[in-house]
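Over in TrEMBL, the protein carries these features:
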- 25-48: transmembrane segment (TRANSMEM)
- 60-78: transmembrane segment (TRANSMEM)
- 98-119: transmembrane segment (TRANSMEM)
- 125-143: transmembrane segment (TRANSMEM)
- 150-171: transmembrane segment (TRANSMEM)
- 177-197: transmembrane segment (TRANSMEM)
- 209-232: transmembrane segment (TRANSMEM)
- 252-271: transmembrane segment (TRANSMEM)
- 278-304: transmembrane segment (TRANSMEM)
- 316-339: transmembrane segment (TRANSMEM)
- 346-373: region 'Disordered' (REGION)
Amino acid sequence: MSRKSPSTAQKSTLKHRHPLKLKSLPRWLSILLVVIYVVTGIFQPIVLDSISRMGGAEKQAFLFPIPNSMGMALLMAIPTRKSHYSRRASLYKFPKEIIVMTLIDVSATTLTLFGQLMIGSGLYIIVYSSLTIWSAIGSLLLLKRHFTWPMWMGVVVVTIGLMISGVGAFTTFGLSTLIGMAVTLVGTILHSGVYWVSEYFCLHKEYPIHSTFLAGYMGIFGVAIFLSYVTGYTIPRWEALFVQPMEAGGGSYWKIFSTYLLLILIDWAHLYAQFTAVVAVGSVIVGINKAISSIGVFVLSHFLFCEVDSSECIDLFKILSLCFVISGVIIYTTAYHYYKKKQNRLQGSQKSPQEDTSIDQLPSSETPPLSLE
């Protein structure tokens, strides 16, 4: 049976229904959430580095990806706008989307965090800062998005920055560090797929799954996958994969597991801030926030870990690389912002007021996909 089009009265009602936006929040709360987003973005890799140095993040044990998935799973607790489908109905209505997105996220999380454990948070954040660019390129290839020349310039600048960091890592630390950077880069590219693949799915649904429900189910199934591995592989080898590294690193059960709980809280707070406030401030501000987080990780990892690990120390290659990557991201996000404003003006001039259907006028059940904006 075909779906009936809404009446004129219904359309008029829809025009006054708005999704959660920055202006819907008190100003002080909006500022607080953006600050939380930046601060938690700094401490995510730093805290994982600390766990690793205590011996609690042995690569084969696969405990390190669990906090990220747990943070996503806890998004289910976030109050949402009225969704066309309930939490339970979403699970049965969108099994393909949930499964595909979970597999992408699990693979991306595993590779990026595995790479971080190989190269340290200082080099990791340089590579991971390119996430916005890879998301844009994915949208270009899969969604046929248009790129302006300033947007391409941002991509080129980021690429130069990554090349500088690769040359610096190889000449200073050798092949193993370069391999770790390559692993992180592949994971970052996969992680970008979380954003543009979710958008691809949403474009083909009149009523797509609510973004927080999608992220929540990705987290739940991600935790299930990682715990299955831990149960089947890690626990039978607990002495070799956890106890011995813990003793060698000077850690303890209390220190390691309390720090893991802290990391879960940080991951959840980062995602909560992203979904409630940060997505509403626009691509330019998001790009700047990511730049601030990257610089924070870069500097803090130097002061915390340089004395015990030379790969965490700031050098000329790292400074140049970070400057290029951050500059490229800001160039791209600024160019995208102005391109989007220009497109909106053109569309507004071509439509009559009755035909205008901007995102502010969508039904409350129609939610944007997972987004970097």
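A Cβ is built for glycine as well, from the same backbone N, Cα and C atoms used for every other residue.
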Do the transmembrane segment (60-78) and the transmembrane segment (209-232) come together with 3 or more C-beta pairs under 8 Å, pairs six or more apart in sequence? yes
So which of 25-48, 98-119, 177-197, 209-232 is most in touch with the transmembrane segment (252-271), counting Cβ pairs under 8 Å? 25-48
Of 25-48, 209-232, 316-339, whichever stretch has the most CB pairs under 8 A to the transmembrane segment (98-119): 209-232
Between the transmembrane segment (150-171) and the stretches 125-143, 177-197, 209-232, 316-339, the largest tally of CB pairs under 8 Å belongs to 316-339
